Every structure is written in structure tokens, then in C-alpha cells.
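S.K.: The following feature annotations were taken from TrEMBL:
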type    : residues          : note
BINDING : B:71, B:92, B:212 : Mg(2+) 1 binding site
BINDING : B:90, B:93        : Mg(2+) 2 binding site
């Protein structure tokens, strides 16, 4: 995409996300309409749906030829998503936190052009922290440029994990835990990416849907993090899949442990 | 304690903690001197020690007959701690977060008179959130009074846990997990208490030293939380011990599960 068009896309997405966030804040003290999806802890609220509709409408008007993938509705990733412009929308990431904490949730949009990362934006609504940028723009927290990931051994870092994977020791995850400085669980991919991008945690190991990873992948890869499946292969962005996000040294150590080379 | 003396104690502790926090913030971008204590993930820094010395000196000068128990130095709880005034000091709670995240740590002081909760104060230094009060004063976040704990079933709430207990399924902790809305791990007792007091998590299950629990216990009990050992007995405040902090309904459910009535 031409630089001028990319600046316009960046400005537009920031504006629309801030508008969705302003609406979300007006709802934060109201009763929510909460429904379950795949299970009792997989929630969707009226605000998720309203944000999805608002953001989808803005994007479709400005980019009528683009493809949209969203957590709430239009959830299938089209086979030809790697052609042209594709927007992945997560209108409320961390819906359980939104419902129970009324904080620690994010609105996220990731944009890909011909399958390549173009632009990502994650907004921690209640903390008013906006993470945005891409390979051509650099990565920013509000107006401050963020530093590249620190490439340290696994033992130097904190890791964020999926609770169920940790409890069941899926893919040797408990062995990863014993090699690092500790585990944190924040309950939202977007909030976890905020900690990664600020250098507060080193790695994130979880199962993420395309809308959970799309924005964070653009931001993290631009800062030098890698995003790989548990077996070390590239992720597909086509389905919910296990993945590791970490800088080079740590991700190599994690892939080795998760593939049980000690078996 | 007389009301006027209690107000003076409250004002003094707030002032001293804010002074220690101002010093801590000056050190946040400096290299730290980090040492290990019981193991590689049990850290102490020069700032922990400086804050401990500063707070202990202020308290000793103002309350020369009081007993002091602190995480860094003077760590033994005296057998006669239930006589007169006792101050429990945690100069940096969440030292791993302090070192790795430079955020998400707290300074905490709990004050007991003849063994009874008198005053508690927890300061989330980087978020500038001060939680303080006691049974005679009420409980506040900065200047706003906090609401009582919501007494809901376990399934309605998020719980915070000790990672190692969760991984090893100590005291059936994984069964507690499967009965609640989800797990969060923040890496600091003080930060966890901040979430409890704001109503963002329902329960906290961990092994806590006297200086980890002293302030939070005063604040949480005043808001209607209970603090019990895993077997449902009162805690001792004499040693590091397993404990549950939750409102009445949830703590009854948790005690039942942790004592394996289903075995």
C-alpha cells in the first residue's frame, strides 16, 4: 500500500476504535446482555455485537473491496483471505474480564494485504493505552515509539499461558514454566500483547483464533518477536490454533521443550 | 485505639508510603541490585531494603513501643505479637514484577492492636492507587469508599491462585478452577488484593507470609471477605501458610472442594 494511503488507514482505524471505545465506556456501568457461545466461560455481550457492527460498517464503507473477518459474525476466514486487503476485527477481546472486571479488555483490528502484515491496533479501553503500527510505520504506545523485543534466554522472562493447557500439561507446558521466571494470566490476548509490547512479559503460549492474533502479530513481529505453532511451523491464520509468541532465543527454547526432545 | 490517634496513624502511614513510593519511582528506570533469597524466583532488590529501612525508622520513631515485622529483615513474627501494636511491612510486594515489569507491585503495611485488625494500606505504586482503611474507618480507594464484597456462588467469579499449587493440583485446586469463571495470576499479593477490593476477582487462594496478608486481611475482612486456612480454620499470622480469601458463599464452596469431600 502507498505510504499516504497507509497513513489514512492508520488515522481512520484509530478514530473508529476510539469511537467504539467511547461507546463501550458509556456501557461499562450499565447491565449487560450476556450470552454464552461454545461453553459457560465463552461469552458475548450486546457491546461486542454493537462494536462489531459499528467497526464493520466503517471499514466496509471506506474499503468496499476488503474482506472482513470478525469474532462476532462473519467468523469464517475465507479461503482467499490472502488476496487483497483483509481486516480481522475483535470488538471486545477478553469478554469475561469485560463482564466481571469492567476493565482489562481490548478492541483489536489487524490488517493484512495479500496475506502480509500491514497494520495492527490494540486498544486497552479502560487504561486508555493504544498500541498501533506496522512494518512500514513502526510501533507506538499512544504517541511513544516502542523498543524492539529484548532477546534473552527463557529463564530471564515471565510467560503468559492458557490456563487449561497449563493445568493439563498440554505439550509439556509445565516444563516451560519450570524454566522461566514465572507465569502470569491476564484473561485477554490483547492485554497480554500490551504486556509483551511493553517488554513486561517475554512469551505468550496459547490457542488463539485469527481475530485474537491478527493485530498482535503485526505489532509483535515488527518489534522482533516471532509467532510460531507449537511445532515451530508458521501459523495459518485460518483457524484457532496453538501458538507461541516470543523473541528468537526464548521461542527456540520453548519449541524444543514443547516438542519433548527430552522424551 | 482512640479515634483521633487512629486518624493520625492513618495520615502518617499514607504520608510515609507515598514518600517511599516517590523514592521507588526514581529508581524505576535505574539498574537494580537484585539478589535471590530462597530460590531463583524469590528476589530482593536494593529498593526493597531501602523502603523497609525508611518505613521501619518512621514507624519506630512515632510508635517506639510497637513491634515490627518486615519481609526484609526482622522477618520472624514474635510470639507475643498479639500484645499491643504490631506493624507488618512489605516494602515491595511482587518483587519479580518490580524487576521484570517495573509495574504491578505494591507497598503494604498492616497494623494490628492486641492481635486484632486495626488498619491496612496497600499502594499500587505505578497505577497510583491507594487502598486503605480499617473496621473503624471504612475502606477507600484513594478518596472513594469501596463497596462490600458481593456474596455470589463460586461459579460467578474469577479466582487468583498460586501457580505451583495449580500445576501440582495441591489441595484439589484444579477442581476449584473447573467450578469458577476463570483463573487470573498477577504475580503480587498486593495487586491481587487490589482486584479483590474493587470486586474484579472473587477469591484468592495462595500461600502467604504474614507481611503478604496483613494489610489485605484488614481491608478485605472489613468489606465482608473471609480469610481462612484451606481446612476452614482461622489463619495464624505467625508463618507462611495456605489461605483462601473470599466472600461467604464462595469460601464455603472452596473449603468443601479443597478438603475433598468427593473423595
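Quick reminder: no glycine exception, Cβ is built from N, Cα and C everywhere.
Since the structure is predicted, the reported quantities are computational estimates derived from the model, not experimental observations.
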S.K.: Highest Cβ count within 10 Å among the binding-site residues B:71, B:90, B:93, B:212: which residue is it?
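M.R.: That would be B:90, with the most Cβ atoms nearby.
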S.K.: What is the interatomic distance between the Cα atoms of residue B:90 (Mg(2+) 2 binding site) and residue B:212 (Mg(2+) 1 binding site), given in whole Å?
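M.R.: Given the Cα positions, residue B:90 (Mg(2+) 2 binding site) is 7 Å from residue B:212 (Mg(2+) 1 binding site).
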S.K.: Who sits close to residue B:92 (Mg(2+) 1 binding site): which same-chain residues at least 6 apart have their Cβ under 8 Å from its Cβ?
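M.R.: Once residues fewer than 6 apart are set aside, residue B:92 (Mg(2+) 1 binding site) is near B:24, B:45, B:47, B:48, B:51, B:98, B:105, B:106, B:107.
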S.K.: If you run the three-state DSSP split on residue B:71 (Mg(2+) 1 binding site), which class comes out?
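M.R.: Residue B:71 (Mg(2+) 1 binding site) sits in coil per DSSP, no helix or strand.
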